[in-house]
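K.L.:
Sharing a structure below in structure tokens format, with a few things to ask.
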Amino acid sequence: MIALYPGSFDPITLGHLDVIERASRLFSKVIVAVLKNPNKTPLFSPEQRQAQISLSTAHLKNVEVDTFSGLTVAYARQRGAKVIVRGLRVLSDFDVELQMAHTNKLLAPELETLFLATASEHSFVSSSLVKEVAKLGGPIDHLVPAPVIRDLRERFPLA
């Protein structure tokens, strides 16, 4: 069965990677789909984020990384996915994710949403937090995979 894990991943964090690794054990194929959102100004281009995720998941042979725009359910159908995977960090994530899951179910009744609770050591990590810490020159090696550390240090050189 094919699962889709969509997101902006700007950048991918160790929390995202944890969800990807766990989903890869549950499904025959996991497509990590980087959303091209015209309403956001990302730090990294969709192609850079795709490359970061590809390097970070190279050890997972059943994981594919792609980019998409538009409705997640339309992309899921196009790729033959039956499940949308979402990670939950805190209770407030659940409110937003549940609304999205209900909307997706209305638009595509054949798709299921699977929520995976993030490992406790990653429950505080967000892409926004990572960017802020990196911008201020703080340590990020416990927050993001190695390929992202390099890219963030190029973007925000240490003083």
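Cβ coordinates come from backbone N, Cα and C, glycine included.
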K.L.:
From the candidates K29, K40, K131, give the one listed by Swiss-Prot for the same substrate site as S8, T72, R86.
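P.N.:
Record check against Swiss-Prot: substrate site with S8, T72, R86, extra candidate from K29, K40, K131 is K40.
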K.L.:
At the Cα level, what's the spacing in Å between S127 (ATP binding site) and R86 (substrate binding site), rounded?
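P.N.:
It is 15 Å, counting Cα to Cα.
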K.L.:
Going by a 10 angstroms cut-off between Cβ atoms, which of the binding-site residues H16, K40, R86 has the sparsest surroundings?
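P.N.:
Counting other Cβ atoms within 10 Å of each of the binding-site residues H16, K40, R86, the minimum falls on K40.
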K.L.:
Do me a favour and check the Cα-Cα span between S8 (ATP binding site) and K40 (substrate binding site); whole Å is fine.
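P.N.:
One finds 9 Å between the Cα atoms of these residues.
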K.L.:
Just the number: how many Å between the Cα atoms of K40 (substrate binding site) and E97 (ATP binding site)?
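P.N.:
About 19 Å separate the Cα atoms of these two residues.
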K.L.:
Round to the nearest Å and give the CA-to-CA distance linking V125 (ATP binding site) with R86 (substrate binding site).
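P.N.:
Cα to Cα, V125 (ATP binding site) and R86 (substrate binding site) are separated by 15 Å.
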